[in-house]
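K.L.:
In case it helps, TrEMBL gives these features for our protein:
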- 5-208: domain 'Porphobilinogen deaminase N-terminal' (DOMAIN)
- 223-303: domain 'Porphobilinogen deaminase C-terminal' (DOMAIN)
- C238: S-(dipyrrolylmethanemethyl)cysteine (MOD_RES)
Amino acid sequence: MDRVIRIGTRGSKLAVAQTETVADKIRATGAEVEIVTVTTPGDVSSKPIPQIGVGVFTSALREALLRKEIDVIVHSYKDLPTAPAAGIVLAAVPPREDPRDALIARDGLTLGELPPGSKVGTGAPRRTSQLLALGLGLEIVPIRGNIDTRMRKVTDGELDAVVLARAGLARIGLVGAITETLDPIQMLPAPAQGALAVECRAEDVDVEHLLASSLDDEGTRAAVTAERSLLAALEAGCSAPVGALAEIVEDLDSEGAVVERISLRGTAAVEGENGAVDMLRASALADFAEAEQLGRTLAAELLDLGAGALLSGPAQ
Ligand SMILES: NCc1[nH]cc(CCC(=O)O)c1CC(=O)O
């Protein structure tokens, strides 16, 4: 590569940390890399995400990419809208971090140890509905802001606990604060949680190849494709009460040879009786090459169960 590759990132500690890991991998190929910080409306406003609009964090970066102010974007994959962006390709999906959600509670408590009435902070309808559906009598308090701000609410005693993505905490060196990593049986992560999406301009073929060869992980791409296809087929976005987790598992084919397949679990929150929250759940297995179809199949099953009437807005 005979030019400097400019990677755009949001200014948050998490965004910068994940951009630096990607930058290091690209530098290892011998290419020269520069990191450019782009401020997005989502960083400036403190309103709840559903009010600012989906994709607030990504649009500003994508506009800068198309204006050629930057050449590469590193996104938290789960924050991307499901609709494709014109002129932009997903050049690489690097190996995923642990996709699970994590609890950070006072006094080292786990979810089951929090007494009824405990205040748990989260701004995500998906986390809110799954927490409420556990029937623990928790009081969900809407919060947002970066990871440090959310954690401080527990240290300050304003909240008993917060729920955050384990991957984000790991990337900024804070896994030590986790008091429980939540089992996906209790809390299915957001589609693509823990994964990164590395984009470039569609016409920038040299950069696309460099990113694909130095960063892409086939297994992560397949898993995330299945999860996001489920989300898209439910016509839901990144702030929907939808959880999904795909895992690559070993299975035997009809001749007894070991093959890799994709196992997908999904959940969607709908309004139950008397304003209660019902979590619909379903699972399915498919061949490795059928990720996209697997997501659609599972979405169809959830729709059959009643997922057409997803809880809307922050499910408080
Ligand atoms: N919506 C904010 C956001 N986007 C990505 C992550 C964490 C890292 C990841 O999931 O890749 C977070 C914070 C969180 O949910 O705790």
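Just so it is clear, glycine is given a Cβ too, placed from its N, Cα and C backbone atoms.
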K.L.:
According to DSSP, does C238 (S-(dipyrrolylmethanemethyl)cysteine) fall in a helix, a strand, or coil?
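P.N.:
Once the DSSP labels are grouped into three classes, C238 (S-(dipyrrolylmethanemethyl)cysteine) ends up as coil.
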K.L.:
Over the span of the domain 'Porphobilinogen deaminase N-terminal' (5-208), how high is the average pLDDT in this prediction?
P.N.:
93
K.L.:
Around the residue listed as 'S-(dipyrrolylmethanemethyl)cysteine', how many other C-beta atoms are within 10 angstroms of its C-beta?
P.N.:
24
